Amino acid sequence: MAPNRGSSSKSSSKPSNKSSSSSKSKSKPLASSSRVSKPKPKSSIRRPLPKEVKAKPRTAPENLKKRKKRIYTEKELDLPQLNMITPVGVTKPKGMKKGKVFVDDQESMMTILAIVNAEKEGQIESKMMKARQMEEIREARRKEAEARQMAKKEKLEKVKDSLRKKRRPDSGEGKGDGKNSSSGEAKEFSSSKTSRSKPNRKRVSFT
């Protein structure tokens with residue numbers, strides 16, 4: 001009976017080992033999944049250094065270059081054409097060199113020149129007339145100002161003469177009156193001084 005027990009113990013020990021190994025193998029992945037990754041310290045992370053961006057000055061050759069402005073044509077701008085009479089010689093055809101281009105019809109050219117000359121002459125004449133009128137107005141104003149000044153001077157002279165005539169006849173009488181008046185004034189002044197120096201005293205009578 002003893003050998004049977006031993007075999008049973010051996011057989012019972014083997015499956016226990018297998019179950020323990022399987023439990024260990026199952027527990028390993030659980031442990032790895034349950035672990036939390038720790039954040040790395042900031043010192044270990046290397047960032048690229050910031051680069052200095054230097055602004056280009058205005059005197060830089062790139063900024064000094066003149067940019068050509070685009071010139072738009074009449075077709076691109078869609079400008080309306082004005083109703084004007086333009087002779088053939090005025091409009092410059094494309095692809096032609098600079099120079100005078102005369103009109104075939106001399107009569108039309110002469111009419112245009114006559115109209116332009118008449119307008120210019122009229123403007124010049126109007127300017128000349130205006131200038132003459134302004135000169136006449138200025139002369140009239142000057143004459144008025146001179147007449148006013150002369151009238152003022154005459155009035156002043158008349159007033160001066162009247163004052164001089166009044167002073168001349170009163171000069172002889174004024175001398176004698178002046179002496180008498182001066183003596184009277186001196187007496188009055190002396191009497192006023194004495195009255196001030198000697199005040200009025202009250203008199204009391206015992207009865």
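Heads up, the Cβ atoms here are built off N, Cα and C, so glycines get one too.
Now, the feature entries from Swiss-Prot:
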- 120-166: coiled coil (COILED)
- 7-36: compositional bias 'Low complexity' (COMPBIAS)
- 133-162: compositional bias 'Basic and acidic residues' (COMPBIAS)
- 169-178: compositional bias 'Basic and acidic residues' (COMPBIAS)
- 195-207: compositional bias 'Basic residues' (COMPBIAS)
- 1-71: region 'Disordered' (REGION)
- 133-207: region 'Disordered' (REGION)
Subject >> Secondary structure content of the compositional bias 'Basic and acidic residues' (133-162), with strand meaning DSSP E or B >> reply: 30 helix, 0 strand, 0 coil
**OP:** State the mean pLDDT for the coiled coil (120-166).
**Re:** 88
